[in-house]
């Protein structure tokens, strides 16, 4: 039997979020709907999840000692990583001491960089992937590019949102890609993965929920990337029954190997009926923001239920749905928004503004959501709604 206490009392059920961006914010909201006390942690103040949490802490999550001090003081029932850049060795230690890490400390450790999860998927589980090599020095990198061949993609083993990622098409690009990867990783310079091109038709995110009652799959999500970052997503993405079955088989294999309860975003390349594993995140996925409108239970509601050991009944899809990012570019310490009434004027549209306190360069500030009679119609509506929002810097 699951028991949930009352926030801000001795009986409280406490969740501590490591990472307080827009995805963590939605998890916090869903947890609070269920009566959970939420503590939000991030490296900067007034992060989106901090704005809705019961309390918050500002600290570098790569500082294991500082992280330990907060966790020992708060004594959360669940530690919920929402980003990759965390002192995972500390999480492994804390888990051994009796703290619960979602889904597991091992999952957080393996997925904090591309090497751990790629070796698990390709070498231990035997899942098909693109050709790849890892390199830690410039000499190893040149050897890796020669072995994989051109064109190839170079990424820091620890980065997100396309940072430090580039495509090498000619010899002239080789050193530029290395230098860019050394400045774009979350932990500074270091190891990279060199990946060969997969000739795929499209890529999907297969959201997979591991919960007390088993494993549940959301409908496949298609997405559009620009500069390595998500710009649009839609659900359901049409695909053959054979490809869908193989996608779910692979998703179940890799999430089962990682273990624990929660939602996983499994990224896959599809070529005809063939499926290739790309990456997995043991947490809500940015492309899954579309589920705020596309499903009766969003990926965030599913994550909260799974974490708490609550039932996840059959999912209901609300029909063709899409999301489109509201993007800002420039510098501001107090951004504002106009055009919201125009964005929400069409039927079956929605808007989620993330409340990010600062903009420096390009930043994802919100997402427009839409339902339609077809995926094409839903995407067009979401794009119109996003375009109507003006971010004042």
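Using N, Cα and C of the backbone, Cβ positions are placed for all residues, glycine too.
In Swiss-Prot this protein carries:
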type	residues	note
BINDING	22, 23, 82, 286, 356, 363, 364	N(1)-(5-phospho-beta-D-ribosyl)glycinamide binding site
BINDING	114, 155, 160, 161, 162, 163, 164, 165, 195, 196, 197, 198, 203	ATP binding site
BINDING	267, 279	Mg(2+) binding site
DOMAIN	119-308	domain 'ATP-grasp'
23, 197, 364 filtered to the binding-site residues whose C-alpha is within 10 Å of residue 267 (Mg(2+) binding site): none
Residue 363 (N(1)-(5-phospho-beta-D-ribosyl)glycinamide binding site) - helix vs strand vs coil (DSSP): strand
Of the binding-site residues listed as 114, 195, 197, 203, 279, the one whose CA lies nearest the CA of residue 23 (N(1)-(5-phospho-beta-D-ribosyl)glycinamide binding site): 279
Site with most surrounding Cβ atoms, counting all protein chains shown within 10 Å, from the binding-site residues 22, 82, 203, 286: 82
Neighbour tally for residue 195 (ATP binding site), based on other Cβ positions within 10 Å of its Cβ: 22
Rounded inter-Cα distance in Å - residue 164 (ATP binding site), residue 286 (N(1)-(5-phospho-beta-D-ribosyl)glycinamide binding site): 18
DSSP-derived class (H/G/I helix, E/B strand, else coil) of residue 114 (ATP binding site): helix
C-beta crowding around residue 114 (ATP binding site), within 10 angstroms: 22
Integer Å distance between the CA atoms belonging to residue 279 (Mg(2+) binding site) and residue 82 (N(1)-(5-phospho-beta-D-ribosyl)glycinamide binding site): 16
Distance [Cα-Cα, Å, rounded] between residue 22 (N(1)-(5-phospho-beta-D-ribosyl)glycinamide binding site) and residue 197 (ATP binding site): 31
Nonlocal residues around residue 364 (N(1)-(5-phospho-beta-D-ribosyl)glycinamide binding site), in sequence order (Cβ under 8 Å, 6 or more apart): 22, 229, 230, 286, 325, 326, 327, 354
Which same-chain residues, if any, lie at least 6 apart from residue 279 (Mg(2+) binding site) yet have Cβ under 8 Å of it: 114, 117, 266, 267
